[in-house]
Protein chains: 2
Amino acid sequence: MGLDMTRAFNFSAGPAAIPTEVLERAQKELLNWNGYGCSVMELGHRTPDFQTILDKTEDDLRKLLNIPKNYKVLFMHGSASHQFAMVPMNFLAPGETANYLEMDHWSKMCIKEASRFGDMHIQQGIRTNSDGLLELVPENEWSLDEKGKYLHFTSNETIVGVQFQDDPQSFSGKLVSDMCSDILSRPIDIEKYALIYAGAQKNIGPSGMTVVIVREDLFESFQTERVPSLFQYPHVSSKGSMPNTPPSFGIYFAGLVFEWLLEQGGIEEMYQRNLKKAHMLYDYVDQSNFYHSPVAKGSRSFMNVAIQMKDRKHEERFLHEARENHLIALKGHKTFGGLRASIYNAMSIEGVETLIRFMDQFEQRLK
Amino acid sequence: MGLDMTRAFNFSAGPAAIPTEVLERAQKELLNWNGYGCSVMELGHRTPDFQTILDKTEDDLRKLLNIPKNYKVLFMHGSASHQFAMVPMNFLAPGETANYLEMDHWSKMCIKEASRFGDMHIQQGIRTNSDGLLELVPENEWSLDEKGKYLHFTSNETIVGVQFQDDPQSFSGKLVSDMCSDILSRPIDIEKYALIYAGAQKNIGPSGMTVVIVREDLFESFQTERVPSLFQYPHVSSKGSMPNTPPSFGIYFAGLVFEWLLEQGGIEEMYQRNLKKAHMLYDYVDQSNFYHSPVAKGSRSFMNVAIQMKDRKHEERFLHEARENHLIALKGHKTFGGLRASIYNAMSIEGVETLIRFMDQFEQRLK
């Protein structure tokens, strides 16, 4: 792309695209926030000014996701991988069991980490069907441990592009969900969940921060023995997400993204746009003899669209030419290969149209 | 300050001032890094481009601090408070003891957290002398447990402005130091230490990231039982600081600060400037009948200068008028009161001169 100054359409799975308007505002304020003479990242976190930023950020997230009052919202250091340990450390006393749905890469990483802190009852959540396509295992085929303290599932598997289409219904206990790659992309019925977490770097803001939404009445049952204070949800909550210096610039950035989402019309509007983008792309791929989707209908992610070329030898050239056309980060994850278009909230309909046009022209050039 | 667009002189203890040149560069690149069409915060951490940023950031830090090859440099999520747990979780097997020097607020917080993971042998490191001034307890009066696995100390107590003037000499075992508020301000003889950590938000970059420098041969002795993977130094090191999505924008920012430090002439040059700034301020305060230092000579911090007015009723007016004069964040910590000027690397000599001039004029106005 050389030194072209325009913004590319960025299909990165994460850290992912941030709305250009949000970056422009942050850019404008970077040396002098609100006439204060310094950047937000240079502002003490105990100042009333930063507290105002934090409060508004939380309020806007509550509005966007319609979070009930009996749920606490925490802005925590680190990424979802920290939560992989934190969830079992808080929920499980020694010898207790939890249910984990095993999907692909991320849920496997999560289970590996959680198994260090409790007993795992594992149910496969994904499989390859007779057509060689990935699909969700239907819920009526699941076998769960009803005595397990919770059921953990990854709502959207970023790498292979498989996504739950509905909340799980069959487990009578607590639901815990890693929603890293689809939070804020669709309405969520928060009350069905005990705890939801999401690393920031897909639909929220820069990496290094994780949002946790947790039902407050669970706090009294959480473990503390050999759990670092900053891993104890009740402790972090009691200090209003600031038991220590928080990732303040990340919180500010999340606040700008939340404002942008509200200006766009909120989550229902984003959901409609996201469905539209995904349908455009899957419809194009499905009618093609050149590209195909490795995921069965009914299991497909509307955030991460995995795409394969029927002849994989063209992949490198595709990625190179896409980049020359300002379409970046379309390479699939190293463990899965192929192409992948991550079309989170910040990806415009225009971006998806541009991608489809490029895919079509690329196919024509090879004929 | 209204909507004045100039940069204030920011004396915040942390998150603290960042060099204006660094912010200007980040601002310029915020929507389009290196002609790539996106921001660094939108760049996948597994791309060769981000790896280049990470490698150069580490290389520059190694140059600045002259870090020997047998030490690993880790860029970790979170703040120093995470290290308060991480250090004992890695170093101490059940029933083992470590020495902790108790200073003020931060070392007390550190000891409180560490005591959840091991036995603490505590030595007071700070006391009030017969003149009512804070001073370091001389090392020849310390009583340490020589069998303790390490001696932990906070090299500079940000809140009260007390700083070790030399590395401790009397403990024959491993030294571990929280250098949050004086890393990169002075030369360090790294080889005297087993582990050094520092949250970014004072002399490194935005909050949410912590730099750890650790001697590699210790890894084999570190504990793993019930230690979250992301708290295990050997694991984070084996993955090159990226076992998960790192705080990528924070790493990039740290890299810009490190480049700036090298351009300024490196750590020896910054040390001379820092000493000069501190001497200017302490000399002014010492000759004043209006202000005084609550810290004895020989124990004073050259990063955080605590200042008290002999008549404390003027504090609010001082802070208000200082702010009107573009001198911000001079309020002391709530637990200690008074005024505090944090004069980290990013504070210029001009900034300190301006502060002294203001202090003098303020005193004159009250006469």
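Note: Cβ is positioned from N, Cα and C throughout, glycine not excepted.
Annotation source TrEMBL lists domain 'Aminotransferase class V' at A:9-355.
Residues or ranges marked as L-glutamate binding site by TrEMBL: A:Arg46. Sequence-distant neighbours of A:Arg46 (L-glutamate binding site) (same chain, six or more apart, CB under 8 Å from its CB) are A:Met242, listed in sequence order.
Neighbour list (A:Asp178 (pyridoxal 5'-phosphate binding site), Cβ cut-off 8 Å, at least 6 residues apart, same chain): A:Ala80, A:Gln83, A:Trp106, A:Ser107, A:Cys110, A:His152, A:Phe153, A:Thr154, A:Ser155, A:Tyr197, A:Ala198. The pyridoxal 5'-phosphate binding site annotation in TrEMBL covers A:Ala80, A:Ser81, A:Trp106, A:Thr158, A:Asp178, A:Gln201, A:Asn244, A:Thr245.
As annotated by TrEMBL, N6-(pyridoxal phosphate)lysine applies to A:Lys202. Following the DSSP three-state reduction, the secondary structure of A:Lys202 (N6-(pyridoxal phosphate)lysine) is coil.
According to DSSP, A:Asn244 (pyridoxal 5'-phosphate binding site) sits in a coil region rather than a helix or strand. Filtering of the recorded positions A:Trp106, A:Asp178, A:Gln201, A:Lys202, A:Asn244, A:Thr245 by Cβ separation from chain B (threshold: under 8 Å) yields A:Gln201, A:Asn244, A:Thr245, ordered along the sequence.
Sequence-distant neighbours of A:Lys202 (N6-(pyridoxal phosphate)lysine): residues of the same chain at least 6 apart with a C-beta under 8 Å from its C-beta are A:Ala13, A:Gly14, A:Ala16, A:Thr158, A:Cys180, A:Ser181, A:Ile183, A:Met303, A:Ser342, A:Tyr344. Cβ neighbour count for A:Asn244 (pyridoxal 5'-phosphate binding site): 20 (other Cβ atoms within 10 Å of its Cβ, all protein chains included). Between the binding-site residues A:Gln201, A:Thr245, the minimum number of other C-beta atoms within 10 Å of a residue's C-beta occurs at A:Thr245. Within the model, the domain 'Aminotransferase class V' (A:9-355) carries an average pLDDT of 96. Around the Cβ of A:Thr158 (pyridoxal 5'-phosphate binding site), a 10 Å sphere holds 25 further Cβ atoms from the protein chains shown.
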